[in-house]
Every structure is written in structure tokens, then in C-alpha cells.
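S.K.: Pulled these from Swiss-Prot:
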BINDING   5-12, 132-139  ATP binding site
BINDING   H156, C166, C168, C173  Zn(2+) binding site
Amino acid sequence: MTTLAIDIGGTKLAAALIGADGQIRDRRELPTPASQTPEALRDALSALVSPLQAHAQRVAIASTGIIRDGSLLALNPHNLGGLLHFPLVKTLEQLTDLPTIAINDAQAAAWAEYQALEGDVTEMVFITVSTGVGGGVVSGGKLLTGPGGLAGHIGHTLADPHGPVCGCGRTGCVEAIASGRGIAAAAQGELAGADARTIFTRAGQGDEQAQQLIHRSARTLARLIADIKATTDCQCVVVGGSVGLAEGYLALVETYLAQEPAAFHVDLLAAHYRHDAGLLGAALLAQGEKL
């Protein structure tokens with residue numbers, strides 16, 4: 001059976017056909033509409049899936065935000081242009097006339113990355129550092145989603161009580177500091193208004209402020225990982241996302257994590273499936289996991 005997998009992120013929408021063998025084909029992308037209106041996202045999703053839906057027997061969605069009863073509830077609306085709520089499953093069933101499931105994107109990616117691990121691993125945490133910071137937790141070989149879909153939203157744990165206000169309403173969240181949006185928001189002077197990609201480029205060219213912003217993000221993530229180790233005693237942490245997979249970033253996180261006491265050290269791995277983990281995880285869950 002072929003799954004039409006969809007990944008909804010703060011920057012882009014992706015879709016692909018994934019067979020029972022896990023092979024990805026006909027992958028497509030569109031920019032995520034920066035709009036508060038549900039119609040904008042519906043129209044973008046329609047354009048994304050219309051060339052693919054005739055070749056699939058079901059739909060699996062991995063989306064940013066809390067997924068509850070098939071709907072997207074934005075924990076940080078800024079990541080979706082201010083959109084607060086969207087009926088994901090209902091919309092895709094109407095667009096495709098196919099059975100549809102939905103799950104948080106980082107939870108889906110965690111499940112895909114867990115399948116790729118070697119050895120006897122039952123406890124792992126996945127962290128995505130991208131437009132926002134999200135996560136997924138596998139414990140006892142099972143993916144944790146929680147009764148309300150909130151499990152794994154580790155980007156909204158406290159990093160700095162005097163830090164910036166996060167889009168979720170809290171102050172000093174990891175996401176407000178370490179994410180691509182957080183990196184860009186802290187830029188000043190000639191870097192003011194630059195996006196995270198530009199800041200990484202400037203850091204590679206030796207720009208001191210850009211380097212400091214990236215170090216601030218990596219240091220914040222390392223402290224989060226130490227907290228995660230203390231909370232879950234996980235065997236490894238897998239890092240993905242456009243920031244998490246940026247050249248040199250994971251090495252910086254490892255450097256800062258090494259400065260923590262030894263009890264909080266844990267193996268860090270780059271995401272095996274890179275930017276396709278959410279698509280694959282959603283398809284895998286559609287094949288047999290009860291959500």
C-alpha cells in the first residue's frame with residue numbers, strides 16, 4: 001500500500017509517495033503560506049497533493065504544532081504565520097477522499113529515526129532545531145504522544161527566565177533562543193533582519209556576532225539535552241532540522257554538552273533521514289501504529 005505522506009513545517013510543506021518498502025518517490029515542496037487564514041493553508045495543501053493523490057491509498061500527515069483529534073493546534077502560532085487552528089485530517093480527507101492520520105512532525109521524525117538506530121536501544125529522544133525547536137520521545141520502544149498530543153514539545157521548556165518572550169506565551173523558552181527564528185530575532189546592527197541561513201553563512205565568513213548567535217543557540221541546546229538526560233535517562237539523542245543539521249552545529253552542541261557533569265552526557269547523532277524523517281515517520285505510523 002502506498003502512503004501519501006505530508007510534512008507541514010514553519011518554512012515549507014513537503015509531500016511524497018512512500019511505499020511499503022519505505023522508498024520515497026515523487027517528493028514535492030512548496031513554501032508554507034505565512035497567513036492567519038485557514039484557506040491559505042488549504043489551498044497550498046491542495047496544490048501540493050493533487051498531482052500525487054491518485055497514486056496513494058492513504059494519507060499520513062506530520063505537522064508542526066499539537067495534533068489533537070485530527071486538528072492542528074498551534075502552540076507557537078508565529079511558526080505558521082499566526083494560524084491558530086486547522087482541521088488537518090478533515091481537510092485532507094475532503095481533498096483526497098483517502099483515509100488520513102495526523103501526528104506532530106517531531107514525534108513522527110522521532111519514530112523514523114528510532115527505526116534507523118543500531119543495537120539494543122529502547123530509550124531515545126529526537127530534537128529538531130529549525131524554524132522552531134521540537135522533539136519526540138521513544139521510551140520502552142514506544143513513541144510517546146500523550147493524551148493531549150503535547151509529549152515531546154521540549155522546545156517550550158525553560159532556558160532563561162530573563163530571556164525573550166516565546167510565541168507560546170512563556171518567557172525564555174529554548175525555542176525562543178535556539179531556533180532559527182530565535183537566532184534571527186537576536187541579531188543586531190548590520191545583521192538585524194537577517195534570517196538564520198544568512199547568519200550561518202556570515203559565521204562561516206568569520207563574522208563575530210553571527211558566531212556568537214550560533215554559539216548561544218548551541219549552548220542552549222546542550223543544556224536542554226542535559227536536562228533531557230536527567231529526565232529520561234535516554235541512551236542517545238538524535239538531532240535534526242535545518243539548524244540542527246547545519247555544518248558545524250552539532251559539533252558545537254557536543255562541545256558544550258561535554259562541559260556538563262559526566263552524569264548528563266549522552267551520545268549525540270545527526271538525523272539519519274535528514275529532512276525526510278517526518279515524512280517517513282508519518283508513513284511508518286500509518287502502516288501499523290495506533291495514534
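Each residue, glycine too, has its Cβ placed from N, Cα and C.
Give me the lay of the land around each of these features.
M.R.: Taking the Cβ of T11 (ATP binding site) as centre and 10 Å as the limit, one finds 18 other Cβ atoms among all the protein chains shown.
The C-beta environment of H156 (Zn(2+) binding site), restricted to residues of the same chain at least 6 apart in sequence and closer than 8 Å, consists of L75, N76, C166, C168, R170, C173, V174, E175.
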S.K.: List, in sequence order, the same-chain residues at least six positions removed whose CB sits under 8 Å from that of G136 (ATP binding site)?
M.R.: N104, A106, Q107, A108, A109, A110, W111, V125, F126, L143, L144, G152
S.K.: Enumerate same-chain residues with a sequence separation of six or more from V138 (ATP binding site) and a Cβ-Cβ distance below 8 A; give 'none' if the list is empty.
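M.R.: Those within reach of V138 (ATP binding site), by Cβ under 8 Å and sequence separation of 6 or more, are A110, W111, Y114, T122, E123, M124, V125, F126, L144.
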S.K.: On a simple 10 Å Cβ count over all chains shown, which one of the binding-site residues C166, C168, C173 is most densely packed?
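M.R.: Buried the deepest by this measure is C173.
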S.K.: Taking the Cβ of G134 (ATP binding site) as the reference point, list residues of the same chain whose Cβ is under 8 angstroms away and which are at least six residues distant in sequence.
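M.R.: Looking at Cβ-Cβ distances below 8 Å from G134 (ATP binding site), excluding near sequence neighbours, one finds T64, N104, D105, A106, I127, T128, G152, H153, I154, G155.
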